[in-house]
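Structure first, commentary second.
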């Protein structure tokens, strides 16, 4: 069932070290649904980086994808490192204290809630124990004594204490948000960075994207982009593509190689470029083996 | 229509001859015609293969294929050592007659297509279909 999108446009794309990243899962599903862009999941487990079969957030966008989103005014690019440093530096002392105070209060509330739940559980458990005790009094008594002894090892501050106030060394729960506070990525869209895709292949990307194809990086198939006629989870790709400048030369042997590569994986190899002039359409050519 | 100099055509006469011979005697094409007027940027060939060589990927397999004689194919002979660009390919396609390229299985107008005949130094010829636009691959 589709979930109503809560993403507000333009949303930020974080540029870190020349890579365009998205950290918000809502934005990730939004661009897939609305702009048929899939990007590449690139996050692994910090402790086990060799686990690279199932990757998660952040999602890395191709330069072309980032550029097109900015062009459609759906997103703006934030230089994440600079914006974060600036956000921290510009924070006034009052804001800082307020923020820290609010955060502390929030944590305390969470901790108290947690404590209450633990107490409630304990109470229930003891009540249950008592009932059973009535049934087999002599056996249970010993066990309960033991239990109580063990309990005290793990018990956080005893119940009556915690209900009133928190001990200084009690465990506080600090949630880590996946999305940073807006104050850290607040530059106006006009001053944001600009993605500069390859001018020779970008027109081809845009042309196919306009036709409704899903495009993904083509390194795995030895090309620039792979073009899927629908969501890559539902379709095999139809084309493996190579974008060229209008006058950029390509060896015939590369066309033969491309045609052979495409036919070998049941796709067509496509090359093309955009003629000079702003209003002209990108021309593409599909190459397949002749069959004889 | 753009006019091209005959010098271009003369420079590629040997390619035309090799591909013509190959199509006629190896692939058994008929009605082979050389197109060497100045409306074409390069010498081209057209002919009729003994059986249709392009089958629409969405065509109903129960419907018999159209007669071979109705499928006239255009051939562009090139040398393996050449360099091409999207511009040159577009020029060739623009010089092909606009007329009737048939309809595909879904009823849409078919895009122009030609066979790229690549001639290697040892006179080997390989053929690749080139379509003018986005055309679904035959096997997918």
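For all residues, glycine too, the Cβ spot is worked out from N, Cα and C.
TrEMBL: automatically predicted annotations, no manual curation.
These features come from TrEMBL:
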ACT_SITE  A:228  active site
ACT_SITE  A:236  active site
ACT_SITE  A:267  active site
COMPBIAS  A:111-122  compositional bias 'Basic and acidic residues'
COMPBIAS  A:129-139  compositional bias 'Basic and acidic residues'
COMPBIAS  A:140-150  compositional bias 'Acidic residues'
DOMAIN    A:12-80  domain 'TSEN34 N-terminal'
REGION    A:111-159  region 'Disordered'
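Annotated features taken from TrEMBL, shown on the structure.
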residue : record      : DSSP class
A:228   : active site : strand
A:236   : active site : coil
A:267   : active site : coil
To the nearest Å, how far is the Cα of residue A:236 (active site) from the Cα of residue A:228 (active site)? 6
Check each residue in the chain of residue A:267 (active site) that is at least six apart in sequence and keep those whose C-beta is under 8 Å from its C-beta; list them in sequence order. A:221, A:236, A:237, A:238, A:239, A:240
DSSP helix/strand/coil residue counts for the domain 'TSEN34 N-terminal' (A:12-80): 20 helix, 26 strand, 23 coil
Which residues does residue A:228 (active site) neighbour through Cβ under 8 Å, counting only same-chain ones at least six apart? A:213, A:214, A:215, A:216, A:235, A:236, A:237, A:238
Among all the protein chains here, how many other CB atoms are within 10 A of the CB of residue A:236 (active site)? 14
Average the per-residue pLDDT over the domain 'TSEN34 N-terminal' (A:12-80) and send me the rounded value. 87
